[in-house]
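For reference, Swiss-Prot has these:
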{"type": "TRANSMEM", "residues": "4-23", "note": "transmembrane segment"}
{"type": "TRANSMEM", "residues": "30-52", "note": "transmembrane segment"}
{"type": "TRANSMEM", "residues": "133-155", "note": "transmembrane segment"}
{"type": "TRANSMEM", "residues": "168-190", "note": "transmembrane segment"}
{"type": "TRANSMEM", "residues": "200-222", "note": "transmembrane segment"}
{"type": "TRANSMEM", "residues": "243-262", "note": "transmembrane segment"}
{"type": "TRANSMEM", "residues": "272-294", "note": "transmembrane segment"}
{"type": "TRANSMEM", "residues": "301-319", "note": "transmembrane segment"}
{"type": "TRANSMEM", "residues": "364-386", "note": "transmembrane segment"}
{"type": "TRANSMEM", "residues": "409-431", "note": "transmembrane segment"}
{"type": "TRANSMEM", "residues": "452-471", "note": "transmembrane segment"}
{"type": "TRANSMEM", "residues": "639-656", "note": "transmembrane segment"}
Amino acid sequence: MYLTLIVLPLLGSISSGFFGRKIGVSGSHIITCSSVILTTLLALLAFIEVGINNIPVTIDVARWIDAEALNVMWSFKFDSLTVSMLIPVLIVSSLVHIYSISYMSHDPHNQRFFSYLSLFTFMMIILVTGNNYLLMFVGWEGVGICSYLLINFWFTRIAANQSSISALLTNRVGDCFLTIGIFAMLWSFGNIDYNLIFSLAPYYNENIITMIGICLVIGATAKSSQVGLHIWLPQAMEGPTPVSALIHAATMVTAGVYLLMRSSPLIEYSSTVLIICLWLGAITTVFSSLIGLFQQDIKKVIAYSTMSQLGMMVIGIGLSSYNIALFHLVNHAFYKALLFLGAGAVIHSVADNQDFRKYGGLRPFLPLTYSVMLIASLSLVAVPFMTGFYSKDLILESAYGQFYLSGTIVYFIATIGAMFTTLYSAKVLYLTFLTNPNGPLNNYKYAHEGDLFLNIPLIILAVFSIFFGFLTKDIFIGLGTGFFSDNSLFIHPNHEILLDTEFAVPVLFKLLPFFFTISLSILSILYSEFTPNLLINFKFSTLGYNIFSFFNQRFYIELLYNKYIVENILTLGGQTTKSLDKGSVEYLGPYGLEKGLLNLSNSINNLSTGVVTTYALYILMGLMFYISTLYFFNWDSNLLILIIFSLFVILNNKLLQK
C-alpha cells in the first residue's frame, strides 16, 4: 500500500507525458486524476493506521550509495508527521486535478499540464516520505524543477519566462545552503540518515548544531518564501491558477516548513536557530501583510497572504510549538487552496482580468464563488470556530505564553500582521463582490458560475475550511494526545509551553487578535462605503502617494537587489567573459594556436628560396648541428651516419625531381 501511494502519481505523469498523443486529452484526465485520487484514499488509510493507531512504518526498497564512507538507502518513512503532511498535499492536489479539467479545457497542451501536475505531486511525496536528507533533497529539487515547468507553462509569454527563472534562481540560493548543511551533517555525523543524526544530536557541540541549523533555515527561507528570498512567490502568479493553488497551498511553500519540523530533534539543541526562526517569521508576517494591503492583482494579494501565514508557521517553529505549526500548515492548505481556486473562478468568469479594481458587483452573478471565498477569508482572518482560528490564534498565544521579552514582542508584531491580513481580505471581498460594478459591460454580460468540475472542489474545500480545524484540533494540539508519540516531532522539555499557553495567558491577550479582526473588518467597510472621498483624497495627496508607492513597490527590495546584487554580478560575469573566455582562453587556445601555426608555416615557407647555395648552407648548418650534438651528448656514431645518409638521399631526390 505504501509503495503504491508513492508510485501512482509518477505512473500517471509518465502516461500523460509520454503517451499523451495516444491516450488523448480525456485519457490523460482520467489516468492522472484517478491516480491522484486513489493515492489520496491510500493516504487517508495511512493516516488512520500510522497516525491514529501509532504504527510507524519504514520501507527499505534498495541500496542507493554503498561506499565505505557513506551508505544511503532508498528508504521511505511513514510516521505521524509524514502522514499529516500527505493529507493536505494529496487532498489539495486531487482537487486541483479535478478543477483543472474545466479550467484548462481550452488549452491545447492538456497532457503536458497534467503530466507536470502529477510529477509535482510525486516529488512532494518523495520529499515528505524520504528517510534521509539525500532522498528528501531529491524531492526538494524535484518540486523546484516542477514549479519552474508549471510557472513557465505558457512559455510564449515573456512574463512567464522571467517569473519561472526568478523562482528557479531564488530557490537555488536556498538549495546551495541546504547542500552545505547536508555536507556539514555528513562531515559531523558521518551519515545523513534521520534516525542516526537525531539520536546523536544531543551529544554534539552546540556550535556545530547551530551552523547546520542556520543552513537549514536559509534553505527553508527560500522554499517557504521568508523575507530576503521571498521575491519569487508573487511572481509565480504568472502560471495558471490551479498551479498557484498547488504551489502556494499544499506543496512547494510548505516544503521549507516541513524541513524545519522534520529537523526538530536537531534544531531544538540550538537556541540561536530557534530565535532566528522566531524573528524571521515575525518580520515576514508583518512585511508581507503590509505589501499585500497595497496590491491590486487578486492572485498577488492571496500570494502575500500565503507568505504571511508561512511566517506564522515559522514563528511556531521558533517557539518550539511544532505541533501547532503543523496544525496551521494543514489548516492553511485547505482555505488557501479555496481562495486561489475561488479567485480562478472569478478570473475565469470575467475574461481573464486579474485587477480586482475592475470587478465589483459580482455577487449576484457568482453566488457560489462569493460564498466559498467568504468562508475562506473568514478562516484566513481566524474568525472563531472556522478552521484557521484553532491554529492561528494558538500560535499568537504561544508567543505570549513563552513569557520572554522576545516572545511578547513577536506576539504584538504578529498581531499587527493579523490586523493587516484582515484589511486586505476585506478589501478583496468588498471590491470584487460587494461594491458598485467598475468593469466593462462584457465582464458582466458573460459572467457565469463554472461547471461541475470547477464547483465540486470549491464545495469540498469550503467544508474543510469550516469543519477540519474543529474536528482535528484534539489530534494535533490536544494536551493529552498521543498522536506524536513516535517522536516525529521533538520538543525539548525546557521548551514545552503548551500548558502555559492554555492556562497562563491572560484572557485579554487571547481576545486581542479577535477584537482587532472584527473591528478592522467593520471599519474598513464603513470607510469604503460612507467616506470614500476621504480615502481617495488621501491617496492623491503627496504623503498618500509616497506611502502607496513604497508599499506597492514591495519596499523597493527588488529594485535594491537588481541595482546592488544582480547588476554587479552581471558586470563581474561580463568582465570575466571578456578577459577569460573571450580573452586569454581563446588567445592561448584555438585562435592563438591557429595564429601561431600560420606564422610558423609562413616562416618555414620563407626558407624555400630556390637557390642551390642556400640549400647547401642549410645542409652545412644541419651537419654542424648533428656533429656538435654527437660531441656534447655522446650519441652513437651509427645513428649519426644514418642521419647524414638520410639527408643526402633526401637532397638527391629533390635534385632529381628538379
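Cβ from N, Cα, C; glycine included.
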Annotated stretches the transmembrane segment (301-319) and the transmembrane segment (168-190) touching (3 or more Cβ pairs under 8 Å): no
Beyond the flanks of the transmembrane segment (452-471) by 6 or more, those residues with Cβ under 8 Å of it: 91-92, 95-96, 98-99, 101-103, 327, 330-331, 334-335, 337-338, 341-342, 345, 348, 368-369, 371-372, 375-376, 379, 385-391
Among the ranges 30-52, 243-262, 364-386, the one whose Cβ pairs under 8 Å to the transmembrane segment (200-222) are most numerous: 243-262
Chain residues outside the transmembrane segment (133-155) and at least six past its termini with a C-beta under 8 angstroms from it: 64-65, 72, 74-76, 109, 112-113, 116-117, 119-120, 122-127, 161, 163-165, 167-168, 171, 175, 178-179, 182, 185, 192, 194, 197, 219, 223, 235-236, 238-240, 243, 246-247, 251-252, 255, 259, 262
